[in-house]
Amino acid sequence: MNDTGTARPAFMSNGVVWRLRIALVAIVAALFLAIAVQEPALAQQPVDNDPAATSPVQGQVPGNTLGTDSDTEMWRAVRQGVAGQVSIPDKNAATLVQSEGELWRSIRNGPLALYASWAMLAMVVMLSLFFAIRGRIRIEHGRSDKTITRFAAFERFGHWLLASSFIILALTGLNVMYGRYVLLPVIGPEAFGSLTIFGKYLHNYLAFAFMAGLVIIFVMWVSHNLPHKTDIKWVLQGGGIFSRKLHPPAKKFNAGQKVIFWLTILGGLSISLSGWTLLFPYTTHFFSGTFELVNTVFGTALPTPLSPLQEQQLASLWHAIMSVFLICVIIAHIYIGTIGMEGAFDAMGSGEVDLNWAKEHHSIWVDEVMAREAEHKGSAKIQPAE
Ligand code: HEM
């Protein structure tokens, strides 16, 4: 019996029931959001009897204009992307209809928006279930009366520069993709318009803070994130996350963290390069270059060279795909750095972690620090906890 007098199976302690409740709320909230953003994808389904919707597919003139024969020829040429002549500096304006733009738009607002929302939902559901079943990973031996310095102030600065800019970039980017379906109906067109334009400026300028953060953490931590034989044992023991007793030894970063590090660096680089193309349109040829390289190495037949517009469209799609991928990774990272593991946040909060936490999760690193401390006695890094 529980405190409300209802019967409950023996394994359902109060803690488990609360975790189940929290997990359920998180899953339901994420499900609502995911359903709300399905609209763009559904809006992309062609309607058979709507000529405007089917014209791009059948190569008809937009709006189903019939015209005379010569008009038809002319519009067909326009529709197929034949460029005219303009006297203004922007020569791209000579192309009135750019068919690849239709394809780009239907992919972006269709499958991309759809699968991206499901991927983020799946991550929230998995973490909620993990939390419900495993609960918070506690410090097995309880808190000690000592702490050890895990990250120096500059390391924490680099991390928070990267993290805070990434979170704002993610929120403002998601607003561009889904805002009109999620926020607009709630806050109305005027507030949504102001918020979105403000968000767009933030997105443009914070991109540079993100890139700076990326460079800083790469330089600071790359040597700690190279593969090491201890990683094999850590992986074979599943990082000890499924068992309360198991604490595989690890250096400063364990194998799981190394994966997060490299995904952040490589994913962040890819997002930065594609974002650069979007910030400074028609100045880069990243996709032509990459496709050429892939064709040479793998003997594939990817299209090259690409037009400047195709470069922009591919950059836009790739930017969104990589961003959502990294958002999913970082949702898991934020979970483990906050509610998922007792004592973890201190590492990036004050920089001082509990000695028992450090021994349980990074035993080899603790030994290394202690050996160094013994060598340079005096600059004591292990301190009594406050
Ligand atoms: C509220 C948001 C965040 C929190 C609470 C958080 C927390 C933490 C903590 C506690 C650590 C140190 C773990 C340890 O002591 O071993 C860490 C490391 C790290 N963080 Fe974050 N973080 C956040 C956001 C981000 C974001 C947005 C990124 C990247 C875009 C990021 C990238 C990293 C990387 C690469 C590491 C080193 C590898 C690792 O420990 O996984 N973090 N974070």
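Every residue, even glycine, has its Cβ placed from backbone N, Cα and C.
Record features, source TrEMBL:
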{"type": "COMPBIAS", "residues": "55-66", "note": "compositional bias 'Polar residues'"}
{"type": "DOMAIN", "residues": "150-350", "note": "domain 'Cytochrome b561 bacterial/Ni-hydrogenase'"}
{"type": "REGION", "residues": "47-66", "note": "region 'Disordered'"}
{"type": "TRANSMEM", "residues": "112-133", "note": "transmembrane segment"}
{"type": "TRANSMEM", "residues": "160-181", "note": "transmembrane segment"}
{"type": "TRANSMEM", "residues": "201-223", "note": "transmembrane segment"}
{"type": "TRANSMEM", "residues": "259-279", "note": "transmembrane segment"}
{"type": "TRANSMEM", "residues": "317-336", "note": "transmembrane segment"}
Practice item. Could you tell me whether the transmembrane segment (317-336) and the transmembrane segment (112-133) are in contact, taking contact to mean 3+ Cβ pairs under 8 Å with a sequence separation of 6 or more? Key: yes
Check your understanding: Counting Cβ pairs under 8 Å to the transmembrane segment (201-223), which of 160-181, 259-279, 317-336 comes out on top?
Key -> 160-181
Exercise for review: Let me know the model's mean pLDDT on the domain 'Cytochrome b561 bacterial/Ni-hydrogenase' (150-350).
Suggested key: 96
Check your understanding: Where else in the chain does the transmembrane segment (259-279) make close Cβ contacts, counting only residues six or more beyond its ends and a cut-off under 8 Å?
Key -> 162, 166, 204, 207, 210-211, 214, 217-218, 221-222, 225, 253, 286, 311-312, 315-316, 318-319, 322-323, 325-326, 329-330, 333
